[in-house]
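Among the features that TrEMBL reports, S-adenosyl-L-methionine binding site is placed at 17, 18, 19, 20, 38, 84. What TrEMBL lists as region 'Disordered' is 159-183.
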């Protein structure tokens, strides 16, 4: 059987701290392989060291080079490519070369919409299809304790009275958070702000055309 049928090849630029690389390695293990490219030599060496310490060095190849000029160092083996660099539009051609001839997906992360626009134009130029962008919003929730009065529905009170209900009996205190003596119930609530004033960036996805 062709190894490419059972092996997931991933190309990634911008190794950085290696946190996303570790997540991708967990996803493709045990038969897949991650090819990650880092421009800064010290970061690349640090990532290699951490991969060795964590026992996953056999699942990842770290290359120290400029992906915009020199590419990923592999061709026609990746099922997917992830770009996390300042000028992703300069690496679209190399990403296309790294993807399998049968096609594949590319994802690019950028904090600014101007970067997204240039990247989308480059994707169109290199024949990528199904191009779409998602904005990653920064959504803050206010968590607080809310007290609500227990409604007096009449019938329940009558039933308790007729059944000899004793509120001083611990076994009749109701569910946790309920205070029958005060007639209130408390619970935690998470409420988002009405306005979202920031975001973390944009994710742009596209598919390598087979034609």
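Each residue, glycine too, has its Cβ placed from N, Cα and C.
Curation plays no part in TrEMBL annotations; they are all automatic predictions.
Shown here: features listed in TrEMBL, placed on the structure.
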residue	record	contacts (Cβ under 8 Å, 6+ apart)
17	S-adenosyl-L-methionine binding site	43, 47
18	S-adenosyl-L-methionine binding site	46, 47, 50, 51
19	S-adenosyl-L-methionine binding site	none
Check your understanding: When the number of other CB atoms within 10 A of each residue's CB is tallied over all shown chains, which of the binding-site residues 38, 84 has the maximum?
Key -> 38
Study note, to complete from the structure: If we take the residues 17, 18, 19, 20, 38, 84 that the record assigns to S-adenosyl-L-methionine, their largest CA-CA distance in Å comes out at 13
